[in-house]
Structure formats: structure tokens, C-alpha cells
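Pulled from TrEMBL:
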- B:33-131: domain 'Pirin N-terminal' (DOMAIN)
- B:65, B:67, B:109, B:111: Fe cation binding site (BINDING)
- B:187-288: domain 'Pirin C-terminal' (DOMAIN)
């Protein structure tokens, strides 16, 4: 049962009565997304939050020169959405697509209320998730403003320990705001440093 | 001596591409009853059945990726593969050759169609097998054995019936050229139509065969056609194959390590923590660097 991933995720974070939450979770739609398929595109009003059961999603923008800039990757157990669009009902400036064949739980706008109805500790947990998200965004701003390529890379592998094997270097470089050549140089230097 | 019976004959699954250069049917571990535990110490078997690759200026293959905790064995039946790894190993293998890479504590490597083969295109046929390493050897130094066909000793079958190439382990009085970390027999049986060969392995060893070319009958009973795999029961020691067409058969038998397996992608370790360490080491460049 694919739904179990979200339940397992919740279980490991809040005290929940399985039956109550699974009753709600079992009403959620699982969407199978092929590699390359879009879940959100610029101009759409984002209707959902996605929870990645399996696979990998990417949240990105396309700038005036046509260059793609990766804001976030979402592997298994990550929530992803365009908060500006979904909560403020604005047309999105962003895109979400699948970097691998994926299975995502499609959460309606009111899912926080819905799960909270079943289990009030979810509200507190959701707050924690939000604060955590803001903390990562703050760190990302700081890294992009002032950190070296190596510092950015070291942070990336802490946040996403297994993505290096799954994502082309060009996309990682885009996420880090550096050129693929710089990323390659950083990785080469790290390897030299660690050579026994 | 008790006969070792065939437990099941497995047809090749829908192929998928590994990189853009290997069109493979996976047998181990995704096949029915062919999981890592059952096939221990053989933890992965991808079979690129005969496939015609059109000429390509850019060699097709798989880019730089890491491995830790096991050995990769590539057996070339048609076509040529070039290999490079971060421990300095590398080379080209062609028809009948074997590349035996001990990833152990970790290497980065890449595998591509050899340049001239790529330019000309043609029929490509390979097996890639992952052999698990005992826990005590998982973090040993990487090693690379390039085994040319002419260095593989062959056991002749009576009446010009063909020969058994002994890649690893032993067949009758002939010893295999490859060195292994646990007891493994790896043989290529090349048999003319009607020729027979008999094999004997301890009943505890996990034993399987893959028909690369032609077709065979096992123990006079079970028919195994081209591109099919036969898995043997863990009772009995002895079995016989007969070629019903000129055949090439890869025969594998290995003593199970019976150790816990924690596997994720290109890392096969014993515990979850060791997998996490593998990711960290890889991310931090401890596997070296390869362009």
C-alpha cells in the first residue's frame, strides 16, 4: 500500500491513532507521474500540495533568458507545493515536474485542517514543518549571498544525501547557483583532500 | 550421487536500458524467487541479450557512478566494452573476455562501448553480474582483473563436443583464472549439438545457469531455451546438460555468505549505517574522482 509512506512519516513524527488518520489518508489520490511530466506550470493556480511517496520532483523557475533555476528538490517523504500560489491564490511563477517516474499523494488545500480534525497534534507538527521550511529558506538565502561553492555543496549533500546519484550535475549546479564547471572543480578538490 | 533438480526456469523480463548503452533483462534480484537472499552471493544479474546497436559517433554506455561492497563481473559475448575506474583500473574487453572489478571499499567507474565498436555498430551481448563480498572484505582495497579469453583454461568435451571455460572456481581438474573472495564457480559451457556436460557442486551452494546461445536440456528433462535462466534446488549435487542446438551456457554456483544484506542502489553493505556511511563518503569525494 503506497499510502503507508505518509502514515509512516506521520507516525514517526507525531503520536497518532493509525485508524483515524488512515481513514483520511485513504481518501487521498495517488498520482503516478512519468519522468518529465509537469504537475504545475507558470500561470496555473496551484491547487495541491504533493507528498512524494516514491520518486523525485523538482520545483523550478525559468528566467528571461530561458534558463531553469532549481529552487527545491523533493525526494521521498518530502512535501512540495508553490505556497504563494496555493495559499494566496496567485498564478504561479514556477514549475513542478518529475525527475524520475514518481508516485505522489495529492493533498487538497485543506489537508492541514482535515488531518488536524482527526489528530490535533498534527497542527503543531505542521507548524514545526513550516518553521523548518523557513529555516531552510533562510539558510539558502545566506548560502546564496555569501557562501563559497564548496560550502554550498557541503550543505547540499547534508540536506540531500542520495541525490548526487539521481540528479544530473547540471541540475545540482543550478540549485547551488554555480556553474557545472565549478561544481566539478569542488568535487575534484574534495576528492583530492580526502585521498588517503 | 543425488541429482540436483531444476527449481524453476525463468524467461527474460521486459528489457530496460542502463545508461544508453546496455539494454538488459534483469534476472537477479527482481526476478520471481531470484532475490539477493536466495541467490547469495550472486546479488545482481543483468543480461544484455543480443541487440543490434546502430553506429554512434558518441560511445553509448553508463557515465561515472560509484560502487562499494561487492564485485562487478562483466562477461562479453558480443561487442566490446571500455572501462575506466578511479583506482586506475581500466581497459577494453571483447568477445570471450571478462572484466572482474572488485569495488570493495569504493570506486567510481564508467562503462562505454569501445570507440571503434561504437562507430561501426553491431551486435552486442553481455552479462553483468554482481558478486557480494564477505563482510570482512567489503572495505578492502579495490582491485581490477582484466581476463582475456586466451588466458582462460578450457576443459575439452569428449568427441569434439566443445569445451568448458573455467572463469573462476574449478571444473574437474581445471582451475579458474579469476581470484575470488568466497568459493564461486563460474563457467562458460560451449557445447555442440548433442554434446553433454556434467556438473557437481555442493548442495548448499546457490546454483543457476543462463542460456546465452542455442538451447539445452537439463537432466534429460527440463528444456531451457535461449535467453532463459534455470535455478537449481539446494538438494543434490549433480546435474547434466545436453545441447539441443549449439549452445553457450553460463553456469554459476557459489557458497552463500549468509550475512545480512543492506543494499541501496550501487552500495551493498551489511547494515543501514554502513549504507549511510557509503553515501557520505561518496558525496565527500572519498571514492576519488573520475572525469
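The backbone N, Cα and C atoms fix where each Cβ goes, glycine too.
Taking the binding-site residues B:65, B:67 in turn, the residue surrounded by the fewest other Cβ atoms inside 10 Å of its Cβ turns out to be B:65. Proximity to chain A, defined as a CB-CB distance below 8 A, holds for B:65 out of the binding-site residues B:65, B:109, B:111.
Apart from B:65, B:67, B:109, B:111, the residues listed for Fe cation, the same chain places the Cβ atoms of B:62, B:64, B:66, B:72, B:85, B:101, B:103, B:107, B:108, B:110, B:266 within 8 Å of the centroid of those Cβ atoms. The DSSP breakdown of the domain 'Pirin N-terminal' (B:33-131), given as helix, strand and coil counts, is 10 helix, 60 strand, 29 coil.
Residue counts for the domain 'Pirin C-terminal' (B:187-288) by DSSP state, with H, G and I taken as helix and E and B as strand, are 12 helix, 48 strand, 42 coil.
Taking Cβ-Cβ distances under 8 Å and a sequence separation of 6 or more, the neighbours of residue B:111 (Fe cation binding site) in its chain are B:19, B:21, B:22, B:61, B:62, B:74, B:81, B:82, B:83. If you draw a 10 Å sphere around the CB of residue B:109 (Fe cation binding site), it holds 26 other CB atoms from the protein chains shown. For the domain 'Pirin C-terminal' (B:187-288), the mean pLDDT of the prediction comes to 96.
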